[in-house]
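The active site, proton acceptor annotation in TrEMBL covers His193. Per TrEMBL, NAD(+) binding site is recorded for Gly29, Ala30, Ala31, Gly32, Arg33, Ile34, Gly35, Asp55, Asn115, Ile124, Gly125, Asn126, Met244. According to TrEMBL, the substrate binding site annotation covers Arg102, Arg108, Asn126, Arg160. The feature domain 'Lactate/malate dehydrogenase N-terminal' is assigned by TrEMBL to 24-152. According to TrEMBL, the feature domain 'Lactate/malate dehydrogenase C-terminal' maps to 154-306.
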Amino acid sequence: MKVEDGSTLSRTDCRAKGGAPGFKVAIVGAAGRIGQPLAMLMKMNPLVSVLHLYDVVNAPGVTLTLVTWTPVAVVCGFLGQPQLESALTGIDLVIIPTVVPRKPGMTRDDLFNINAGIAVVNLIGNPVNSTVPIAAEVFKKAGTYDPKRLLGVTMLDVVRANTFVVSTSRTSLCAEVLGLDPREVDVPVIGGHAGVTILPLLSQVKPPCFFTKEETEYLTNRIQNGGTEVVEAKARAGSATLSMAYVAVEFAYACLRGLRGDAGVVECTFVASEVTELPFFVTKVRLGRSGAEEIYQLGPLNEYER
Ligand code: LMR
């Protein structure tokens, strides 16, 4: 075994063990700042039996760091374009994290020219508002487009909204969410994943809770700028990579539960949609065996949200 040949080692490992029953997941861009923590967390996911790690550099090294401990998935590494097809063959779910993070002063749109060239399918890579429609065109050209199966991951906006709502409410009169774990709170966040296109529906928060106009404006602004806050704090050292890895795992878990046939798996995601006049839009979606099986309407909006 050669050290740089971690992919061969792990593929042999895959064949030998066969993998526990479960789904096969591929991460394309597994050696990056989101890819690495994402790979570690996906390896521990009980629904994943085989994990393919693909990247153009360092995939064998990252794979080697994960093959030496047990729970749960068998990990296989794939390096470079010639191994891409093998990395994706027989896979149930492909996760593509962003490749280049933005720097202070950049918008997500500034990543367009950098990441669009390498994005084929993009669940996480920014600008999600553009990379998902581009991926759709690429699939259409290949004759393989299935709008239900192409999902932009925007769950980070929901996670931020749930967190900010709980912490902001500690100083407000909203007793309903006081002391709750953010995971017990649900703020739908619709629209897209950039600036003002990120629209938290605070009027639909569960448990029901009233926010004043000032609180609504503060929270909306904070949620819309959560990513920028991190980019500026990191000062050219990247963006919210660990949070993105976390939501990538949570969203993948929801997709896998849908694929397994679990009932009632509902998440916000950026998907081809007829809910508005826009071809793609973030709304709540029910995930099932064929991907986004039901796209929900926006529900009642208040004047501010409209
Ligand atoms: C985020 O929301 O944190 C990500 O989209 C990364 C970024 O560039 O803001």
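Glycine too: its Cβ is placed from the backbone N, Cα and C atoms.
In TrEMBL, annotation is done automatically, which means it is predicted and not curated.
Sequence features annotated in TrEMBL and their locations in the structure.
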residue: Gly29; record: NAD(+) binding site; DSSP class: coil
residue: Gly35; record: NAD(+) binding site; DSSP class: helix
residue: Arg102; record: substrate binding site; DSSP class: coil
residue: Arg108; record: substrate binding site; DSSP class: helix
residue: Gly125; record: NAD(+) binding site; DSSP class: coil
residue: His193; record: active site, proton acceptor; DSSP class: coil
residue: Met244; record: NAD(+) binding site; DSSP class: helix
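The two recorded residues, His193 (active site, proton acceptor) and Gly35 (NAD(+) binding site), have Cα atoms 20 Å apart. Taken residue by residue, the domain 'Lactate/malate dehydrogenase N-terminal' (24-152) breaks down under DSSP into 55 helix, 23 strand, 51 coil. Within the same chain, residues at least six positions away from Ala31 (NAD(+) binding site) with a Cβ under 8 Å of its Cβ are Leu53, Asp55, Val57, Asn58, Ala59, Gly61, Val62. Within the set of binding-site residues Gly29, Ala31, Arg33, Gly35, Gly125, no residue has a CB atom less than 6 Å from any atom of ligand 1. Confidence in the domain 'Lactate/malate dehydrogenase C-terminal' (154-306), given as mean pLDDT, stands at 92. Between the alpha carbons (Cα) of Gly29 (NAD(+) binding site) and Asn126 (substrate binding site) lies a span of roughly 14 Å. Arg108 (substrate binding site) has a Cβ environment of 25 other Cβ atoms inside 10 Å. Reported as a whole number, the C-alpha separation between Arg108 (substrate binding site) and Gly125 (NAD(+) binding site) equals 10 Å. Annotation for Arg33 (NAD(+) binding site): same-chain Cβ neighbours under 8 Å, separated by at least 6 residues, are Pro101, Gly238, Thr241. Sequence-distant neighbours of Arg160 (substrate binding site): residues of the same chain at least 6 apart with a C-beta under 8 Å from its C-beta are Arg222, Ile223, Gly226. Cβ neighbour counts within 10 Å, taken over all protein chains shown, single out Gly35 as the most crowded of the recorded positions Gly35, Arg102, His193. The two recorded residues, Asn126 (substrate binding site) and Gly35 (NAD(+) binding site), have Cα atoms 14 Å apart. In this structure the alpha carbons, written CA, of Arg102 (substrate binding site) and Gly125 (NAD(+) binding site) are 11 Å apart.
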